[in-house]
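These come from TrEMBL:
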- 99-118: transmembrane segment (TRANSMEM)
- 138-165: transmembrane segment (TRANSMEM)
- 186-213: transmembrane segment (TRANSMEM)
- 328-349: transmembrane segment (TRANSMEM)
- 369-387: transmembrane segment (TRANSMEM)
- 407-430: transmembrane segment (TRANSMEM)
- 451-475: transmembrane segment (TRANSMEM)
- 481-503: transmembrane segment (TRANSMEM)
- 547-569: transmembrane segment (TRANSMEM)
- 575-593: transmembrane segment (TRANSMEM)
- 646-666: transmembrane segment (TRANSMEM)
- 743-767: transmembrane segment (TRANSMEM)
Amino acid sequence: MGSSILPDLGAEILIPVCAVIGIVFSLVQWLLVSKVKLSPGRDSGSPGNNGAGGKTGYSDYLIEEEEGLNDHNVVIKCAEIQTAISEGATSFLFTEYQYVGIFMVAFAILIFLFLGSVEGFSTKSQPCTYDKSKMCKPALATAIFSTVSFLLGAVTSVVSGFLGMKIATYANARTTLEARKGVGKAFITAFRSGAVMGFLLAANGLLVLYIAINLFKLYYGDDWGGLFEAITGYGLGGSSMALFGRVGGGIYTKAADVGADLVGKVERNIPEDDPRNPAVIADNVGDNVGDIAGMGSDLFGSYAESSCAALVVASISSFGINHELTPMLYPLIISSVGIIVCLITTLFATDFFEIKAVKEIEPSLKRQLIISTVLMTIGIGIVSWVALPSSFTIFNFGDQKAVKNWQLFLCVAVGLWAGLIIGFVTEYYTSNAYCPVQDVADSCRTGAATNVIFGLALGYKSCIIPIFAIAMSIFVSFSFAAMYGIAVAALGMLSTIATGLAIDAYGPISDNAGGIAEMAGMSHRIRERTDALDAAGNTTAAIGKGFAIGSAALVSLALFGAFVSRAAISTVDVLTPKVFIGLLVGAMLPYWFSAMTMKSVGSAALKMVEEVRRQFNTIPGLMEGTAKPDYATCVKISTDASIKEMIPPGALVMLTPLIVGIFFGVETLSGVLAGSLVSGVQIAISASNTGGAWDNAKKYIEAGASEHARTLGPKGSEPHKAAVIGDTIGDPLKDTSGPSLNILIKLMAVESLVFAPFFATHGGLLFKIF
């Protein structure tokens, strides 16, 4: 078997050091962003505002001066708008977290009661689950520590989302002000802010998990099986908070967006983010609470769950049985190296290459993905060589499978590269630089109906290659290292999470920057620059969603494998009625969930449209710009709707495994998990890509950058109106239902795993009665 080259002490130092480096790097990026001042003064830009020239390829003159606008007033106005957006986002998240906090406490009590009752709250040692000849810690200990790790994961998830939102609202106006000096400066400000969030989240998630493992070890000692079973609560806490963040934030942002677009752009023919539009502040707040806070919690949940799934399987493999600490911590070492790789990758965007023109933005972001993937492949190779013995055994449904270290390297690498493939396919189908989106834009010539037909077809078609990529990585990783292989493949896909999040968060920050430029009455040239940043951000957001969905599929399959092992199910036979009914119901759940979230956006948008129309009709001088709209009422509509409407979809996801497990037993539950995974992935990919394509088709017509686009425009033309209608239909698909579905499939799997001991002992009440 042999032992690993890296000593245990080396692993114990490497993980926290990498996490601390990640946190320090994010603080350095934040300091660099904070150098852009939001208070008017002699030099109201960032350092280096020295007349002409500059690396950006634009001369550094301020466009406002050229057009006779008072620079002092513009900066003050930007600061005021930023404050309004920041206060709106903070107050919404505090309201949301109050409701979520009540749920968190209630669910923690439920975990304790269910898991504690497995052995009747006994404090005596019990035979180990996988080796009856040894004695392990009591079930009551698992109940207590699972509850603690659930609360830890939930709090870390909430903090990740909240910090992300704070950073984004701090950076949006600064990006706007930097856009006066050229697109390059604005890009760096937006990207650095995204990097702050990416590195903070990746490092915090890793550090909290590592500390929790070490603290739990003080009690569990050599009972590693019990220790890592209790740690799975960390993933459950992370994802349950992410679900409410994604659904609540998604309903908020899209209710405001649809209301603002339909009345403002289609009916009143005013530009996007026009300050006369009453829903404009709510729309910009929504970008931060949905796309930033919700997405941060979501990817943190994926990361926590893939780590937990890998650790659970490793604890009952030779690593755990022989108490080999370094190989046991292999999943965390991968994440540690990922932070360092992403740090180097980020420097390519901010320091090594300067953006000189609009057309360089998207290639620069794509370069980030390629560089991080190539460097990470080398990193995984080194880690697999030094942190793993040359051969070892992995638990495989009751047996131990012999595995070599190079096979585990291939498992992680195949997940990593599958993520890149999914990212690029998503980009091809959602970027307006390629023909699929241009075809959708072209279909607007004949109205909204053909636009909708083309968009739906594009979404369905965009599933093909990502599904093959996911299937291929599952086959390869399972063949080499059983369920552990799939868990580390998911970790491979998420190993560059810091870069992925930086690219993802960059989009909403640029979107907000454009909104602030419009509301502050800045020159149309500045709006063109922020629009170029935003269009690239739209595509990168779609790539981020592709990563999240692909990793969710692998994570939930790994968790499913761990659940089947823990619940002592020897085989999941589709032909048995118990499993097949579960399969059918599971496949239906993503549709039920999507129906709930879409309807929620629709009904909230209805109220928003009525309120915006009412203000345009009743406030004299609003269209002329002499009167101010009532922004607060629109913010309140979005807040109230999202808080009220996020509870039913959340309850559906959280209660399904409990009801099925208790009343129908573990076999039916295994069918439900498989069904929801298979159908959820397809709907999530098609919904995200359809919405992204409609959005960028609209932007393609608005930008008028090519001859073809100019024949469809300008803004306000019939094809443009058809494109706006397509965009508003796609909004809830790409920002509410689609991204929330990947949480549904992961969350149900991790919840089933946490409650597996209870279901295995007391579940299946209906089948016991009859």
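The backbone N, Cα and C atoms fix where each Cβ goes, glycine too.
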Considering the transmembrane segment (328-349), which listed stretch of 186-213, 407-430, 481-503, 646-666 counts the most C-beta pairs under 8 Å: 481-503
Any contact, the transmembrane segment (575-593) to the transmembrane segment (138-165), with at least 3 Cβ pairs under 8 A: no
Paired segments the transmembrane segment (407-430) and the transmembrane segment (99-118) in contact, 3+ CB pairs under 8 A: no
Touch test for the transmembrane segment (547-569) and the transmembrane segment (99-118), at least 3 Cβ pairs under 8 Å: no
